[in-house]
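Enquirer: Handing you this structure, nothing more for now.
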Amino acid sequence: MKVVDKIKSVTEQGQTAFSFEFFPPKTEDGVENLFERMDRLVSYGPTFCDITWGAGGSTADLTLEIASRMQNVICVETMMHLTCTNMPIEKIDHALETIRSNGIQNVLALRGDPPHGQDKFVQVEGGFACALDLVNHIRSKYGDYFGITVAGYPEAHPDVIEADGLATPESYQSDLAYLKKKVDAGADLIVTQLFYDTDIFLKFVNDCRQIGINCPIVPGIMPISNYKGFLRMAGFCKTKIPAELTAALEPIKDNDEAVKAYGIHFATEMCKKILAHGITSLHLYTLNVDKSAIGILMNLGLIDESKISRSLPWRRPANVFRTKEDVRPIFWANRPKSYISRTKGWNDFPHGRWGDSHSAAYSTLSDYQFARPKGRDKKLQQEWVVPLKSIEDVQEKFKELCIGNLKSSPWSELDGLQPETKIINEQLGKINSNGFLTINSQPSVNAAKSDSPAIGWGGPGGYVYQKAYLEFFCSKDKLDTLVEKSKAFPSITYMAVNKSENWVSNTGESDVNAVTWGVFPAKEVIQPTIVDPASFKVWKDEAFEIWSRSWANLYPEDDPSRKLLEEVKNSYYLVSLVDNNYINGDIFSVFA
C-alpha cells in the first residue's frame with residue numbers, strides 16, 4: 001500500500017501517523033540487532049518505516065535485502081531510499097524491479113550525497129543528475145505503481161546555505177520552486193530534513209502551500225541522544241540550533257544520559273507545537289536505537305506500552321501481494337517468520353476462510369527456518385543447555401518456560417510467552433511436569449471486548465472468541481491414556497503424529513477447525529486462526545526437527561543430554577488438542 005494512502009487512512013480516523021527511519025549497519029551482528037529493534041518498534045504500530053540507501057550508494061545490496069525483510073518478515077509498510085549517486089539507470093531499474101517483486105510499493109527519491117572522497121555531487125555516466133530526474137523516470141517507467149516521496153528542506157538544501165548558516169531569500173525560493181517541480185512530476189509525499197526550530201518548519205509548510213504544493217508534508221524529527229553526535233549531524237545538514245537549545249545542552253554535554261533525557265523532552269515539545277498547528281504526521285529518525293523514539297511517542301500519548309493494538313492475532317503482512325491475507329494455521333503462532341518463509345511462493349493467500357487449496361504448497365524446510373540471531377542463540381545457550389539426565393529434567397525445562405522463568409524457547413521466535421498464556425500458565429506448568437511438553441497454547445475466550453489487554457485484537461467495538469488449544473509432545477503411553485480419557489469429553493478433538501508419520505485422530509483429515517474468530521460492527525465474522533490437519537502434517541516435520549537443530553545441537557556431539565533429546569524426538573508424538581466448548585469447557589480436565 002502507498003504510504004500516502006496509509007497516512008490518509010490514519011489521519012481520517014482522527015489519529016496521528018508516526019513512522020521510523022533506519023540505516024543499514026556495517027556488520028552482520030549489527031543487522032541482526034537492528035531487526036530485533038525493528039520488531040520492538042513495529043509492535044507500536046507505525047504507519048511505515050524507511051531504510052536509507054547509504055552514502056554514495058555504498059550499501060545498495062544491503063539496503064535491498066533489509067527492505068525486503070522489513071516488508072515481508074517484520075511486516076511493516078516499507079519505504080526504501082533510492083539515490084542517484086553512482087547509479088546508472090540500469091542499477092536504478094534493478095533496484096526498483098527488486099523491491100517491486102518483493103511487494104514493496106514506496107520509494108524515497110533523492111539525489112544523494114557526493115561519492116566518498118568528493119565534495120560535490122557528480123552525475124555518473126548513464127545516470128541522473130538530480131532527484132527530479134529520478135521522479136520523472138519512476139513515473140515514466142512504472143506508472144502509478146510506486147508511491148514516491150521526496151525530501152523537503154525547511155531551511156533550504158545544505159548546498160545553498162551560506163557560511164552564516166542562512167540561505168538567501170532567492171536561494172530559498174528557488175529551492176521551494178524545485179520542490180514543487182518534484183511534486184508536479186509525480187511525488188505524492190514530502191518528508192523533511194531534520195530541524196530544531198519549529199517556527200522554521202511551520203513557515204516552510206505555509207510557504208509550500210502558498211505556491212501550490214498540496215501533498216502531505218511530514219516533519220523529520222531527530223532526537224538528540226549524544227552531544228557530539230548532535231553537533232556533527234546539525235553541522236553536516238547546516239541546521240540552525242536555537243539559542244535556548246544550546247543553553248540547555250551546554251551544562252550537561254558530558255552526561256550522555258542527561259543529554260538523552262533532555263533530547264526526549266525537547267523533541268516532545270517540538271512535536272506538541274507541530275501537532276497543535278494541524279500537522280498530523282511525524283517521522284522519527286531513530287539512528288537505529290529505540291528508546292528515544294519510544295519516549296517521545298509515549299510523552300505525546302501516541303503509544304501505550306500496556307495497550308499495543310493488533311489488527312489480527314498475528315502481525316498483518318505489509319507485502320502488497322499478501323495484504324488481504326487474514327487466515328493462518330495456529331501451528332506457526334510462535335514462529336511467524338518461518339511461516340512467511342514457507343508460504344512466500346504462494347500466488348494467493350487465504351482471505352475470509354482457509355479452504356483446502358494451500359496445504360500442498362508449503363516450501364520444504366531449509367536452513368533459513370532454523371537460523372537464529374546470535375543474541376537469541378546466546379539466550380538459548382544460557383537457559384536451555386543444562387545437564388539432562390532423565391526425561392524429568394526435560395519436563396522441568398518446559399515447565400520453567402510455561403511459568404515464566406525462561407524468556408526463550410527453541411520452538412519460538414518470540415521473546416517470552418504470548419501475553420494470554422499468563423491466564424493458563426499454572427495449569428500448563430502442571431501438565432508439563434506430568435510429561436505433556438507444550439509448545440503452543442491459547443485459553444478459551446467467550447465474547448471478550450476486542451480491545452481487551454492480552455487477548456484483544458481488531459480494534460475497539462468488537463468481540464473476540466477462542467477455543468482452548470494445546471499443542472505438545474508426549475510419549476506413546478501418555479497419548480494412549482489421553483485418547484482413552486477424551487472419550488468422556490465429546491467437545492475435545494485431537495490429532496497426533498510421530499516422526500514416522502503414524503497418525504492418531506478423532507477428526508476427519510479434511511476438517512478445518514476455526515479456533516479464533518471476531519465479530520465487529522458492519523463486518524463479516526473474521527476467523528484468523530484455524531487448525532488444519534493437512535498443515536499440521538507439514539508443521540510436524542519442522543516441530544520435530546527443532547529438537548535437533550535448535551536444542552540438541554547446542555550440546556557437544558557426544559553429550560548424554562544430546563542423546564536424550566534425540567531419543568525424545570524419535571519416540572514422542574506431536575499432539576494438537578482443541579476443546580470446542582469455548583463457553584464452559586475445560587481443556588485441562590482430560591489430563592486429570
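The backbone N, Cα and C atoms fix where each Cβ goes, glycine too.
The shown structure was predicted, so the numbers you read here are calculated from the model rather than taken from an experiment.
Relevant sequence annotations retrieved from Swiss-Prot are reproduced here:
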- Glu21: active site, proton donor/acceptor (ACT_SITE)
- Glu21, Phe22, Phe23, Pro24, Pro25, Lys26, Thr52, Trp53: NAD(+) binding site (BINDING)
- Thr52, Trp53, His81, Arg111, Gly112, Asp113, Tyr153, His157, Pro158, Asp159, Val160, Asp175, Lys182: FAD binding site (BINDING)
- Asp113, Gln193, Tyr285: substrate binding site (BINDING)
Enquirer: Please identify, among the binding-site residues Phe22, Phe23, Pro25, Trp53, the one with the smallest Cα-Cα distance to Lys182 (FAD binding site).
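Expert: Going through Phe22, Phe23, Pro25, Trp53 one by one, the closest to Lys182 (FAD binding site) is Trp53.
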Enquirer: Fewest other Cβ atoms within 10 Å: which of the binding-site residues Lys26, His81, Lys182 wins that one? Let me know.
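Expert: Per-residue Cβ counts within 10 Å for the binding-site residues Lys26, His81, Lys182 bottom out at Lys26.
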Enquirer: Check the DSSP secondary structure of Glu21 (active site, proton donor/acceptor), expressed as helix, strand or coil.
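Expert: Reduced to three states, the DSSP call for Glu21 (active site, proton donor/acceptor) is strand.
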Enquirer: Please list residues from the chain of Pro158 (FAD binding site) whose Cβ is under 8 angstroms from its Cβ, counting only those at least six apart in sequence.
Expert: Phe236, Cys237, Lys238
Enquirer: For Tyr153 (FAD binding site), identify the closest of the binding-site residues Lys26, Trp53, Asp113, Gln193, judging by Cα separation.
Expert: Gln193
Enquirer: Checking your reading of the structure: which of the binding-site residues Thr52, Val160, Tyr285 lie inside a 10 Å Cα sphere centred on the residue listed as 'active site, proton donor/acceptor'?
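Expert: So the list reads Thr52, Tyr285.
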Enquirer: Tell me, if you would, which residue among Phe22, Trp53 (binding-site residues) has the fewest other CB atoms within 10 Å in the structure shown?
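Expert: Phe22, out of the binding-site residues Phe22, Trp53, has the fewest neighbouring Cβ atoms within 10 Å.
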Enquirer: Taking the Cβ of Phe23 (NAD(+) binding site) as the reference point, list residues of the same chain whose Cβ is under 8 angstroms away and which are at least six residues distant in sequence.
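Expert: Sequence-distant Cβ neighbours: Ile51, Thr52, Gly54, Thr59, Leu287, Asn288.
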Enquirer: Would you mind ranking the binding-site residues Pro24, Pro25, Gly112 by how many other Cβ atoms sit within 10 Å of each Cβ and giving me the lowest?
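Expert: Looking at the binding-site residues Pro24, Pro25, Gly112, the Cβ with the fewest others within 10 Å is that of Pro25.
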Enquirer: If we check Cα distances from Tyr285 (substrate binding site), which of the binding-site residues Lys26, Trp53, Gly112, Val160 wins as closest?
Expert: Trp53
Enquirer: Any same-chain residues 6+ apart from Val160 (FAD binding site) with CB under 8 Å of its CB? Would you list them in sequence order, or say none?
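Expert: Same-chain residues close to Val160 (FAD binding site) (Cβ under 8 Å, separated by 6 or more) are Ala167, Thr168, Ser171, Tyr172, Ser174, Asp175.
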